[in-house]
Amino acid sequence: MRSLLEKKLETQEIGKYFLIPFSVQGLILGVAGCVLTVPVICIVLKSNLRKLHSDLVMGGILCFNNLIISISLFFTSMFILCGYNGIVYNDYLCDIQMTTMVIPLLINSYIIGLISVERCLLIVYSIKLSNLIYIISASILYAIPMAFLIRGLIVGHAIISMTGVYAMASPEMSTKFPILAVYLGLGLISMVAVIASYIIILIFRISHINKNMQNLNLSKEEAFQGKLRILLKSLLILFAFIFNHSGKLWVLFCEIVLKLPRTLLADAITENLIIYSTITDVTLLLVMNIEIREKILELF
């Protein structure tokens, strides 16, 4: 029976042509992710948490999670470029990458789903829940996948994906405990939450312009431009989120529901897309929230 190292080396050989390109890309995205997230974290840490708006608190949680991802991505890529693929030769480094990068990448999408719901409740329905409720909700969204991961790691070590660059759940982790099904379920819920929230916000804002053209003293051209800006902003948020996160959900859906085996091409495409969320998720946060943008400009 082959050892886990032999299986990893065989997998790495299959995806050897992805090692260097993915690592160079990962190194750049790791640095960019840190540069984007640190200012937001500084804003949150310097502020009075009791006076912070709920979306800024959740933005801080998202950025803290994104900082962990970016650091992990940076060191993973740097080691590979230096000739040592740690997740292949050390099972515990593979587990650590799963804990600090792979699963947090999924958690990012869950938190963005929560932020989208918060935006929808506030903008459309004027419902403002307390910071504590959102902090508890974000903590639950973080704790559930991490708890399932820890339970899976007790059963067995993580393995490497077909590209040889990133970790993934081993058959032992996913068959003895429904770890992948949990990630798929949470991912689908967050996807629906983001899409539904921004469609509702889009409809509300456009109808608001239509109803208040006279009160706002807007010409038809100004009203059209306002609607166009709202439409483009909503489409940008939806496109960026779906573009980065839907691929991983599709791979999980094929593996769990359709019982289709993973392919090298599918792994390469989805992993290449999702690591860009280290910069797009924070960018989405800045697009969503003018308060955060203004505070970042004040820092400089």
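Using the three backbone atoms N, Cα and C, a Cβ is placed for every residue, glycine included.
Nobody curates TrEMBL annotations by hand; they come from automatic prediction.
Positions annotated as transmembrane segment by TrEMBL: 20-45 (among others). Within the same chain, residues 52, 56-57, 59-60, 63-64, 66-67, 69-78, 80-81, 163, 165, 271-272, 275-276, 278-279, 282-283, 285, 292, 295-296, 299 sit at least 6 positions outside the transmembrane segment (20-45) and bring their C-beta atoms closer than 8 Å to a C-beta of that stretch.
Long-range contacts of the transmembrane segment (57-81) within the same chain, counting only residues at least 6 positions beyond its ends with a Cβ under 8 Å from a Cβ of the stretch, are 19-20, 22-27, 29-34, 36-38, 40-41, 43-45, 49, 87, 96-97, 100-101, 104-105, 107-108, 111-112, 114-115, 118, 131, 134-135, 138, 142, 165-166, 275, 278, 281-282, 285, 289, 292. The transmembrane segment annotation in TrEMBL covers 57-81 (among others).
Residues annotated as transmembrane segment in TrEMBL: 101-125 (among others). Tertiary neighbourhood of the transmembrane segment (101-125): same-chain residues 54-55, 58-59, 61-62, 65-66, 68-69, 72-73, 76, 134, 137-138, 141-142, 145-146, 149, 158, 166-168, 183, 186-187, 189-191, 193-194, 196-198, 200-201, 204-205, 241, 244-245, 248, 274-275, 277, 281, 284-285, 288, selected by CB-CB distance under 8 Å and a gap of 6+ residues from either end.
The feature transmembrane segment is assigned by TrEMBL to 132-160 (among others). For the transmembrane segment (132-160), the residues of the chain that approach it from at least six positions outside its boundaries are 4, 7-8, 11-12, 54, 57-58, 61, 65, 87-88, 91-92, 94-95, 97-99, 102-103, 106-107, 110-111, 114, 118, 166-170, 172-174, 176-179, 182-183, 186, judged by C-beta separation under 8 angstroms.
The transmembrane segment annotation in TrEMBL covers 180-204 (among others).
Taken from TrEMBL, the feature transmembrane segment covers 230-253 (among others).
The annotation transmembrane segment is assigned in TrEMBL to 273-292 (among others).
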